[in-house]
Every structure is written in C-alpha cells, then in structure tokens.
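*Asks:* According to Swiss-Prot, the feature region 'Pyrophosphorylase' maps to 1-226. The UDP-N-acetyl-alpha-D-glucosamine binding site annotation in Swiss-Prot covers 8-11, Lys22, Gln73, 78-79, 99-101, Gly136, Glu151, Asn166, Asn224, Arg330, Lys348, Tyr363, Asn374. What Swiss-Prot lists as Mg(2+) binding site is Asp101, Asn224. According to Swiss-Prot, the region 'Linker' annotation covers 227-247, on the basis of sequence analysis. Under the heading region 'N-acetyltransferase', Swiss-Prot lists 248-455. Annotation comment: Swiss-Prot describes His360 as active site, proton acceptor. If you look up Swiss-Prot, you'll see Ala377, Asn383, Tyr384, Ser402, Ala420, Arg437 marked as acetyl-CoA binding site.
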Amino acid sequence: MSLDIVILAAGQGTRMRSALPKVLHPVAGNSMLGHVIHSARQLQPQGIHVVIGHGAEQVRERLAAEDLNFVMQDKQLGTGHAVAQALPAITADTVLVLYGDVPLIEVETLQRLLAKVSEQQLGLLTVTLQDPTGYGRIVRDAAGNVTAIVEHKDASEAQKAIKEGNTGILAMPAARLADWMGRLSNNNAQGEYYLTDVIAMAVADGLVVATEQPHDPMEVQGANDRRQLSELERHYQLREGRRLMAQGVTLRDPARFDVRGEVTVGRDVLIDINVILEGKVVIEDDVQIGPNCVIKDSTLRKGVVIKANSHIEGAVMGEGSDAGPFARLRPGSVLEAKAHVGNFVELKNAHLGEGAKAGHLTYLGDAEIGARTNIGAGTITCNYDGANKFRTVMGEDVFIGSNNSLVAPVEIQAGATTAAGSTITQTVEAGQLGVARARQRNIEGWKRPEKIKKS
C-alpha cells in the first residue's frame with residue numbers, strides 16, 4: 001500500500017495571541033508541526049503535503065530543510081477545502097490526514113488506523129471523552145455502524161450527549177477522495193467545507209467506516225491557546241520520563257525533568273531534579289547528573305558524573321570523567337577518561353587528556369591539554385587577539401600554577417611547571433620551570449593613606 005500524508009497547518013491560531021503561526025509554537029523544543037512531521041516520516045509515505053496559509057513564509061522557512069510539498073490555502077474555507085488543495089499532488093493508494101497542531105499522536109496509533117483501510121473501508125480515529133465539547137460527534141446506527149459525523153455547532157441536544165468525538169484524523173482510499181471533495185457543501189453553521197462530511201458520503205456509497213481509538217486521549221489533543229500548549233508540554237515530558245525509566249533511568253522527580261530532543265540512555269543512570277536534555281544526547285551506563293543541569297548535543301560515557309548547576313553543550317565526556325558543580329563545557333570540549341573539571345571552570349574547544357584536572361576558576365579555550373596535567377586555580381588561556389584565535393598546547397604531566405595567563409599561541413611541554421602568578425608568552429620546554437612575573441619589593445617605613453578630614 002502506497003501512502004500520501006496531508007498535514008493541515010493553515011490556521012491562524014488567534015487565541016495564541018502571537019505573531020508566530022500556531023503550528024510553529026514549540027513543544028519539547030520542537031514545533032508542534034515538527035512533531036507531526038516526525039511521526040509522519042516513520043510511516044514511510046511517498047509524499048508529505050503540508051497545507052499552509054497564515055504565516056506561510058514563516059512555516060516554509062522553518063521547515064526548508066525538510067523534504068515536503070507545501071500547498072497554499074489562500075482562503076481558510078474549512079478542512080475539506082484544505083485537503084482539496086492537496087489533491088493534485090496525491091498519487092498514492094491511501095491518504096492519511098493529520099493536523100499540524102496535534103503533536104503527540106503516536107506512530108503505533110496511526111499504524112493501527114492505516115490497517116483499517118481498504119478499497120471499501122475508511123479508517124477514522126475517534127476518542128471517547130467525559131466532556132467532548134467542541135468535538136464533532138460520531139453518529140452510529142442501531143447496529144453500531146458509523147453513519148455520520150455532526151459538528152458540535154450543528155448538533156442537536158441528543159447528539160451533543162454522545163461521548164464519542166471525532167479527532168479529525170482519518171485514512172481513506174485515494175481513488176474515492178476526489179469524488180467526495182467535489183461533492184462537499186458549505187451549508188452549515190460555519191459556512192465551511194467540512195472534511196467530516198465525507199463520512200456520510202462514504203456510507204452512502206456503500207463503504208464501511210472502521211474506527212480506531214488512541215490508547216491515551218492526550219495523543220489527539222490540540223493546542224489553541226497557551227494553556228493547552230503547556231498541557232501538551234507537560235504530558236509529553238511525563239511520557240518521555242516514563243520511557244526513560246523503563247530503560248533503566250532513575251528520575252528523582254519525573255515532573256521536574258525535560259527532554260527537548262533525541263535521548264539515548266544506558267542502564268543505572270541517575271538524573272536529579274530540574275535537568276534539561278536538549279538536542280541529541282547520548283548517556284551511557286552508570287552516569288549521574290546532579291540537579292539544575294543542562295545537557296545539549298553531548299555524549300556522556302560510562303560512569304560520568306556531572307554535579308549541580310552545570311551546562312554541557314556540544315561536548316564529549318570520557319569514561320569516569322566528571323564536571324561541576326557550576327561547570328560549563330562549550331562546543332568542541334572533550335574530556336578523556338577520568339579527566340576532572342571543577343567548579344566555575346569553562347571550556348571551549350578544549351581537549352583534556354586522560355586524568356587531566358582543572359579544579360576551579362579557570363577558562364580553557366582552544367587548548368590541547370595532555371594526560372595527568374594539573375591546571376591551577378585562576379588560569380586563563382588568552383586565545384583571542386581581537387581578530388583571530390590561537391591554540392595553547394600543554395604536554396603530559398604539566399603543572400600550571402595558580403593565577404596563570406597563558407598567552408596563545410604558546411606551548412608548555414611535557415613535565416614542565418609554571419610558577420603561580422605567571423604570564424606565559426613563550427615556550428616552556430620539557431621539565432623546565434617557567435616564571436614570568438615581577439620581582440617582589442618590600443618597602444620599609446611605608447604608611448597607608450589617611451582619609452582627608454572634611455572642614
């Protein structure tokens with residue numbers, strides 16, 4: 001079965017009160033539309049057609065890197081009209097209609113829905129709710145067969161009592177779609193062309209409407225305002241938390257933990273409260289992450305420990321290495337096994353060899369640091385001259401005294417030592433002591449200044 005997917009994303013979202021198109025508002029670091037596209041891709045369709053309208057250029061720009069067919073809906077005349085705009089591009093056997101503001105839909109749910117579709121059968125995703133206000137109602141005959149969908153504004157009081165609502169997500173044989181689209185009418189309370197009217201047409205044409213339901217009603221929850229958006233965010237985070245815990249992660253409090261990207265985890269991982277994982281993050285076995293940390297686009301090897309209030313971005317931390325508290329690893333930072341980065345240490349494009357240590361109050365930028373080298377407190381690599389950046393190279397077993405300024409480009413060779421308070425501008429050769437500071441003078445009879453008395 002070949003598949004085309006149509007995603008409706010033309011709505012304005014006035015209740016969001018935002019210049020940003022509704023479907024671009026984020027859930028877990030990705031736009032709502034981005035989540036829907038991600039799920040759609042996993043179904044391996046031959047085409048994904050995104051119907052856009054309000055904020056069309058913003059949507060195109062945000063998703064320019066995706067392989068999508070954008071279809072313009074100049075006037076928002078209803079869901080049926082929106083799908084009709086995509087008709088010329090549809091060539092597959094089956095069409096699946098999704099919504100750009102329903103980001104939590106599970107791939108497994110869509111697979112079950114698609115399994116219902118045949119030449120003589122549609123698949124319709126419905127949801128049973130205690131309060132289905134706003135949802136179109138699923139009307140069934142005495143035998144339980146779906147006969148129609150009635151929109152809430154057009155429903156009678158008896159129909160409004162029905163608890164089964166229409167999610168809007170449906171799959172159908174493409175060969176029938178063009179005929180049904182041509183027969184749609186806008187004779188309703190909204191004056192719009194409802195996609196849901198194809199259900200009654202299908203029944204009249206002798207097709208069966210087979211229904212499927214999501215395991216969790218939140219899968220089909222949309223977001224029309226900021227409150228609903230926050231509800232989607234929290235539900236997504238709790239769902240991701242459950243997934244990680246099932247894989248061997250201990251979360252101190254799943255309600256105070258956020259995933260905003262793609263996370264791969266090992267076993268016996270411990271994550272404390274208020275931790276944010278962004279982008280592509282790989283966490284191997286036995287890693288411990290303290291509270292209030294952000295980990296972005298990074299790899300944490302087995303046994304890594306990250307202490308409280310640390311920010312790790314674009315970094316690789318080797319087996320048994322540690323960072324923090326209050327450490328910052330910026331893009332290009334690599335810690336080999338058992339390397340240590342302590343409190344108030346910042347790394348940028350720096351490579352620390354096995355067992356190297358930078359314990360506190362240090363900036364290491366554009367630096368190559370050999371195994372077992374020790375960096376004293378207050379050390380700074382002066383890597384930028386206002387126009388270009390330069391590297392600092394330290395060999396193995398180097399000892400850098402406290403309060404050093406290492407003016408790049410500069411090399412401190414294996415086994416060398418620099419004295420505390422030095423400004424190193426030249427090579428310190430292997431085994432040498434580098435001292436670069438003014439000689440101390442003690443002045444006899446010196447008196448401190450006294451405050452001038454006011455008259």
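Even glycines carry a Cβ here, placed using N, Cα and C.
Walk me through where these features lie, including what they touch and how far apart they are.
*Replies:* Glu151 (UDP-N-acetyl-alpha-D-glucosamine binding site) falls outside any helix or strand according to DSSP and counts as coil.
Residues within less than 8 Å, Cβ to Cβ, of Asp101 (Mg(2+) binding site) and separated from it by at least 6 positions along the same chain comprise Ala9, Gly11, Gly13, Lys22, Val23, Met32, Leu33, Gly222, Ala223, Asn224. DSSP assigns Asp101 (Mg(2+) binding site) to coil in the three-state reduction, outside any helix or strand.
On the 0 to 100 pLDDT scale, the region 'Linker' (227-247) averages 97 in this prediction.
When Cβ atoms from all protein chains are considered, those within 10 Å of His360 (active site, proton acceptor) total 18, not counting its own.
DSSP assigns Arg437 (acetyl-CoA binding site) to coil in the three-state reduction, outside any helix or strand. A C-beta separation below 8 Å, combined with a sequence spacing of at least six in one chain, links Arg437 (acetyl-CoA binding site) to Ala419, Gly421, Ser422, Thr423.
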*Asks:* Work out, from DSSP, the number of helix, strand and coil residues along the region 'Linker' (227-247).
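*Replies:* For the region 'Linker' (227-247), the helix, strand and coil counts are 20 helix, 0 strand, 1 coil.
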*Asks:* Among the binding-site residues listed here (Asn224, Ser402), identify the one with the smallest other-Cβ count within 10 Å.
*Replies:* Asn224
*Asks:* Compare all C-alpha positions of Ala377, Asn383, Tyr384, Ser402, Ala420, Arg437, the record's acetyl-CoA binders, and send over the largest distance in angstrom.
*Replies:* 22
*Asks:* For a quick check of understanding: among the binding-site residues Asn374, Asn383, which residue's Cβ has the most other Cβ atoms within 10 Å?
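*Replies:* Highest number of other Cβ atoms within 10 Å: Asn383.
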*Asks:* DSSP three-state call for Ser402 (acetyl-CoA binding site): helix, strand or coil?
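*Replies:* Coil, per DSSP.
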*Asks:* As a test of the contact definition, list every same-chain residue at least 6 positions from Tyr384 (acetyl-CoA binding site) whose Cβ is closer than 8 Å to its Cβ.
*Replies:* Gly365, Phe390
